[in-house]
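Below: the structure, in structure tokens.
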Amino acid sequence: MKLPRIGFISLGCPKALVDSERIITQLRAEGYAIVPTYQDADLVVVNTCGFIDAAVEESLEAIGEAVAENGKVIVTGCLGERPEEIQARHPAVLKVTGAHAYEEVMNAVHEHLPPLHDPFMDLVPPQGVRLTPRHYAYLKISEGCNHRCSFCIIPALRGDLVSRPIGEVMTEAERLVAAGVKEILVVSQDTSAYGADLGYRTGFWGGRPLRTRFQELARALGDLGVWIRLHYVYPYPHVDEVIPLMAEGRLLPYLDIPFQHASARVLKAMKRPAATENILAAIRRWREVCPELTLRSTFIVGFPGETEDEFRELLDFLEEARLDRVGCFEYSPVKGAAANALPDPVPAEVKAERHARLMEVQERISAARLRTRIGRTETVLVDEVVEEGAVARRRADAPEIDGQVFIDGATHLEVGEFVEATFEDADAHDLWARLAD
């Protein structure tokens with residue numbers, strides 16, 4: 001008997017990818033086959049992104065393609081919070097659900113493509129179905145956000161902060177490690193707020209009490225013996241408490257911490273922490289405790305009302321902070337964001353020019369910091385083996401968004417293998433290396 005077949009398109013951030021993995025895991029458990037082409041699918045699920053206008057358009061185009069190529073389409077994800085927009089553009093869509101609406105998605109699938117039988121879990125590995133390579137995985141610890149940044153609509157799309165029970169998070173992490181995962185990337189909308197909504201209550205893992213708190217979770221994950229990387233960390237004072245764990249080697253010495261700007265006035269308009277001097281002081285403290293710390297951040301240029309002097313404050317901040325990795329976005333209005341009502345929009349050509357200037361400054365800083373690694377030997381994790389050699393990452397590099405290490409001729413290595421590499425050359429993003437003697 002032929003299994004019902006589902007095509008699946010996953011768009012957006014790693015947190016959305018985790019949602020896709022959960023839906024696909026349940027589909028597999030219920031006997032649905034996941035297929036790679038529209039032609040082979042009986043129905044298509046599209047997990048969308050609705051964070052910025054470009055992502056909205058990409059999602060709408062993906063939905064349109066699925067409708068044109070297959071005809072039976074269910075839409076979920078962040079853009080699903082705006083069903084009228086989806087249905088106006090694509091009225092043939094069968095069902096629209098919001099973000100992390102797993103049960104609604106499954107009910108829609110059941111309605112339009114019933115399963116052949118009741119669920120049977122032997123089709124699914126204990127760690128669930130993942131969409132990442134086998135050697136690394138994203139671990140989502142919470143959903144939603146309690147902040148109200150004026151440029152952001154995440155709380156409207158995904159709600160306020162809802163932390164997962166710490167025992168559930170740790171059990172999932174253990175299963176990932178047992179399945180051979182070498183690196184766990186901790187994600188959420190606000191990782192360092194973990195447990196705040198639960199009053200940091202005590203949970204249980206492995207029969208022992210464990211507080212539902214960012215610091216305790218980081219410490220427990222650090223005991224699992226794999227790379228643990230922290231993403232989407234908000235600059236709360238208690239972040240200081242995890243830096244010693246990085247210095248000890250229990251966590252990767254890496255923080256993904258979006259600062260967004262450096263001008264006090266712009267930060268206030270963004271409804272972000274507005275004390276840049278405190279951020280610089282924190283960076284100095286962190287580096288004193290953990291000199292190997294890698295800092296990644298993101299910034300927005302061209303926010304409404306941003307002046308040339310305020311933009312130069314941001315450039316001065318970059319010069320002083322000496323961050324390792326930086327992402328930069330030109331501000332664009334997002335439907336439903338409070339910032340849309342702010343006066344004095346920055347012209348598009350000015351936004352583009354400031355973006356280019358910022359990235360030029362940061363490329364010089366990143367290149368200088370990477371050049372200090374030449375001649376050093378470090379442990380790297382192999383992501384890919386190609387004809388020319390191996391492509392790997394350092395502890396300082398997250399997959400997809402950071403740099404890579406190219407090891408010429410190392411075609412005998414295995415994906416997911418840890419090796420020692422000596423760095424011989426660098427640019428602003430990547431390193432070239434040989435296997436250590």
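Note: Cβ is positioned from N, Cα and C throughout, glycine not excepted.
Residues or ranges marked as domain 'MTTase N-terminal' in Swiss-Prot (evidence: sequence analysis): 4-114. The [4Fe-4S] cluster 1 binding site annotation in Swiss-Prot covers C13, C49, C78. Residues or ranges marked as domain 'Radical SAM core' in Swiss-Prot (evidence: sequence analysis): 131-368. Positions annotated as [4Fe-4S] cluster 2 binding site by Swiss-Prot: C145, C149, C152. The domain 'TRAM' annotation in Swiss-Prot covers 371-437.
Of all the Cβ atoms in the protein chains shown, 23 others lie within 10 Å of the Cβ of C152 ([4Fe-4S] cluster 2 binding site). Taking each Cβ in turn and tallying the other Cβ atoms within 10 Å, the top scorer among the binding-site residues C78, C149 is C78. If you average pLDDT over the domain 'Radical SAM core' (131-368) in this model, you get 92. When the binding-site residues C13, C49, C145 are compared by the number of other CB atoms within 10 angstroms of each CB, C13 has the fewest.
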